[in-house]
């Protein structure tokens with residue numbers, strides 16, 4: 001190196017060193033921001049907005065130019081299905097791939113018992129495995145060869161949502177191809193509303209496990225009947241039976257007993273617990289909107305599997321777009337290549353989620369919503385016990401009693417609803433006129 005460069009070298013170091021330190025500080029600051037759940041939430045929403053806003057203007061444009069009458073060409077069928085749908089709108093699913101439930105012609109008792117055992121086993125296996133894997137992926141590290149090593153944790157909840165949705169899209173798409181479905185009537189873009197809220201609720205569900213325990217999450221999800229009743233009373237001026245108020249009060253009491261007495265060493269911080277509660281509230285709000293919007297969509301002519309396909313189609317579009325914009329998609333794939341155990345868990349998690357949705361549709365079609373609710377309530381209780389056994393969650397005696405109160409209230413709700421429906425179906429005694 002020439003002598004004059006040697007003389008310039010200390011000056012170059014002094015010039016470049018502050019900029020390098022500033023870049024490192026900026027990178028560290030950005031990483032700190034990525035550790036804040038609210039920042040990640042807004043990043044995800046911004047990613048979805050880059051897809052929703054152009055779509056909104058395109059839909060408005062096609063409607064404004066009356067594309068349904070003036071359009072032509074190879075893209076016309078796609079645009080018509082996405083923006084306008086078909087003219088057929090009815091709530092009668094005469095071509096349903098799954099036959100509606102018929103108590104009179106339901107076959108032998110042994111066959112029905114076998115179907116019930118099959119449905120219960122499928123639901124329990126799918127969702128218990130899903131719950132165990134969900135907690136494993138979000139709360140434990142990968143790559144640690146010894147207990148002393150810290151390992152590497154997977155942090156991107158949105159990628160897990162994408163994995164769940166892409167497999168559910170594949171399963172529902174194959175189901176629609178293999179089995180006859182009713183002619184689709186709703187514009188495809190209407191699925192995007194339920195899809196967006198479904199993605200956000202699923203993200204909240206995964207993200208909450210970083211701040212609260214799995215049993216707390218399950219109990220909070222079981223108690224979402226309370227805000228639903230409050231919203232129904234305030235917004236829709238609905239009236240409820242006395243047993244609905246009683247069971248809601250019991251659920252509130254049980255959840256309060258569990259939350260106030262069952263503390264673990266993993267989440268000792270009040271701030272952390274508060275963050276988990278806020279995320280769970282977000283889950284309940286988004287999930288309530290999803291179910292209400294889907295109920296509205298079912299007024300059009302579609303099957304449950306078509307609903308599953310439409311919602312998951314937009315969910316894949318939203319999540320993969322946001323992941324690519326953030327650069328997180330390939331980071332998550334790199335994590336999968338580094339940790340084969342995580343790749344297995346993520347795929348199995350998605351398989352359980354997709355199969356569980358199909359078992360839900362089949363169980364409700366065969367036995368009705370009441371039997372399905374009983375099975376899923378049992379699943380929640382078993383999931384809490386399984387989580388405490390596998391992951392060592394400490395539950396006090398008062399907290400355990402609170403859990404029992406919650407599930408007793410849920411079973412009382414199911415029992416009272418069945419009795420009420422049976423009373424309405426009971427034939428009125430005929431009074432002979434004299």
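Cβ coordinates come from backbone N, Cα and C, glycine included.
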Listed range which TrEMBL flags as transmembrane segment, given the options 208-226, 398-416: 398-416
Annotated transmembrane segment segment (source TrEMBL; candidates 163-186, 307-330): 307-330
CB contact flag for the transmembrane segment (398-416) and the transmembrane segment (242-261), at least three pairs under 8 A: yes
